[in-house]
Amino acid sequence: MSSSNETINKQSVTMTLDQEKGVSSNSSSSSLALDWELDDEEKKHLKSYYRKSDLRITLFFCVGFMLDFMVRITISGAKIVGIVEKLNLNESDFNVALSLFYIGHMLFQIPSNIILKTTKPTLWMMFLLIGMGGVTMATAAVTGKTSLYICRIVLGIIEAGYPAGSLYFLYSWYPRSEVGKRIGYFYSFAAVSNVIEGPINAGLSKIKSNALQQWQWPFLIIGILPCVWGIIGLFMVRDYPQTASFLTLEERKVIHKVLSSQGNKTNQKGFSWKQARFALTNWSIWVCCIMGFAAQVLFNAGALFGPVLLKSMGFSTEMANGFNAIPNIFGFLSLVFSGWVVNMVGSTGITQAVCEAVAAIGFILCVATTQKAALIAGFCIFVIATAPGMALAPAWVSSNQAGTTKPVIASALISAVASFGGFTTSYIYRDQDAPRYILGHAVGIALCGVVIVTSLPLTWLLHRENRKRDSSNSDISHLNEQEIIDLCDRHPEFRYRI
């Protein structure tokens, strides 16, 4: 589509949406509940909108996250093919290299999302993809632990914004009842990366070359992929549905109606420090952050150390990489359908508690026995059962936001705190604990308990708040439009997803 036609379409939809704004922004009477009413024609346009946005937005960010996760765990594949020996590292040096990534990753997610909100979102996200690919390729040229540390720190800083920014994009494009499914799809591609990276590393380890050593090939080849995908994204992704040229005017109108009815104002310009402070002091977000942190530790036990754990059970290097793909395939499926399961169960908290209770059984098997079959069964159980938890806490946070700025800070906060889980995992699965890794598995059991005892009370508290709002008659007609927007999820008509 030509730029002139795109400009005309943007102006046309903006005029139409501005005409509706006088009705929707008088929010004391607008509903911020989970459901909305559409006629048959609008439902048809909304269905078409979902189809287009899934192909252009959700799919793009899902594949990008797969490449993102492949980039961050490439170092684990390089360990198996000799990076520790070739760079004269000890096990402590390698664990430091793993953890340095997560320090940068944790600290720079909120600043990155602030940049995302105050600049052109699409350009910023593509810069992050291309940047992480470039740093990964540069890692193939490191000569010792100092240069490896520098590459890992820079990779963490650049990569920090991609998961948080992707959550914000999905929130900006989908209503609250649908965003959880897309976040499930999004995180499921981390499991896809585990499925395909093992065979890729196994294949690359067979390359014989005088120019490069075996450990350098994964960094070089895998690093190219996000660079290419970032360039594709410049043509594939648009900032917000209200200005997307691949949507019809009717599709943009209906999604504007749906998002506005739920308090989603992310397409509006400007940054509200008031909403940012609200996000940083919101107790329910911090409870979800605790769950997200625990879930990331549990998921990374299999993602980062799966091949290492399998090798300690007696598998060869090639078999460890190959077999690791099997439970991750089922982990992928459990993530894909996690949003559907939540909608059927009617509760994110209950779904999460059940998943971690099953995962605890897997960790207990790994601690309680030395039989190879039982160890493999326990490994498969916890890899599969911990996978949905990676998506459920971020989806819970994203589906319970409103306003212009609070969603962008909330998505960055949950992603930042959860990312510290990868840092933690690198220290609880220590080489001196091989082959049983009692410490790591014991911490896994404890963290399953943490998720259960936080998710169930939060479910009850949010349900109680919804009932309280159902019975109240709060009047906010005296507030102006900006004050109403700044209420975010404190709006009396807002209802939480439990």
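Placement of Cβ uses the backbone N, Cα and C atoms for every residue, glycine included.
When Cβ-Cβ distances below 8 Å are used as the criterion, the transmembrane segment (57-75) is approached by residues 83, 97-98, 101, 125, 129, 132-133, 136, 139, 152, 155, 159, 162-163, 166, 169-170, 173, 182, 185-190, 192-194, 196-197, 218-219, 222-223, 225-226, 229-230, 232-233, 236-238, 303-304, 422 of the same chain, each at least six residues removed from its ends. Sequence annotations record features per position, and here TrEMBL assigns transmembrane segment to 57-75 (among others).
Model confidence over the domain 'Major facilitator superfamily (MFS) profile' (57-467) is summarised by a mean pLDDT of 90. Among the features that TrEMBL reports, domain 'Major facilitator superfamily (MFS) profile' is placed at 57-467.
The transmembrane segment feature in TrEMBL is assigned to 95-116 (among others).
What TrEMBL records for 123-141 (among others) is transmembrane segment. Long-range contacts of the transmembrane segment (123-141) within the same chain, counting only residues at least 6 positions beyond its ends with a Cβ under 8 Å from a Cβ of the stretch, are 64, 67-68, 71, 74-75, 112, 115-116, 147-148, 151-152, 154-155, 158-159, 161-162, 165-166, 169, 212, 216-217, 219-220, 222-231, 233-234, 237.
For 147-171 (among others), the entry in TrEMBL reads transmembrane segment.
Taken from TrEMBL, the feature transmembrane segment applies to 183-204 (among others).
Sequence annotations record features per position, and here TrEMBL assigns transmembrane segment to 216-237 (among others).
Nonlocal intrachain contacts for the transmembrane segment (283-305), taken as residues 6+ away from its ends with a CB within less than 8 angstroms of a stretch CB, comprise 69, 73, 76, 98, 190, 194, 324, 327-328, 331, 352, 356, 359, 379, 382-383, 386-387, 389-390, 392-394, 396-397, 400, 410, 413-415, 417-422, 424-426, 428-429, 437, 440, 443-444, 447-448, 450-451, 454-455, 458, 461-462. Feature annotation from TrEMBL assigns transmembrane segment to 283-305 (among others).
What TrEMBL lists as transmembrane segment is 325-346 (among others).
Remote same-chain residues near the transmembrane segment (353-370) are listed as 294-295, 298, 334, 377-383, 385-386, 388-389, 392, 436-438, 441-442, 444-445, 447-449, 451-452, 455-456 (criterion: CB distance under 8 Å, separation of at least six residues from the stretch ends). Here TrEMBL flags 353-370 (among others) as transmembrane segment.
Per TrEMBL, transmembrane segment is recorded for 376-396 (among others). Long-range contacts of the transmembrane segment (376-396) within the same chain: residues 167, 179-180, 183-184, 186-188, 190-191, 288-289, 291-292, 294-296, 298-299, 301-302, 306, 309-310, 313, 326-328, 330-332, 334-335, 338-339, 341-342, 348-349, 351-352, 355-356, 358-359, 361-366, 369, 411, 414-415, 418, 444, 451, 497, each at least 6 residues beyond the stretch ends and with a Cβ under 8 Å from a Cβ of the stretch.
As annotated by TrEMBL, transmembrane segment applies to 408-429 (among others).
The transmembrane segment annotation in TrEMBL covers 441-462 (among others).
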Cβ-based contact of the transmembrane segment (147-171) with the transmembrane segment (408-429), 3 or more pairs under 8 Å: yes
Interface present between the transmembrane segment (183-204) and the transmembrane segment (408-429) (three or more C-beta pairs under 8 A): no
Residue numbers, six or more beyond the limits of the transmembrane segment (95-116), whose CB comes under 8 Å of its CB atoms: 72, 75-76, 89, 124-125, 128, 145, 148-149, 152-157, 159-161, 163-165, 168, 271, 304, 408-409, 411-413, 415-417, 419-420, 422-423, 426-427, 430
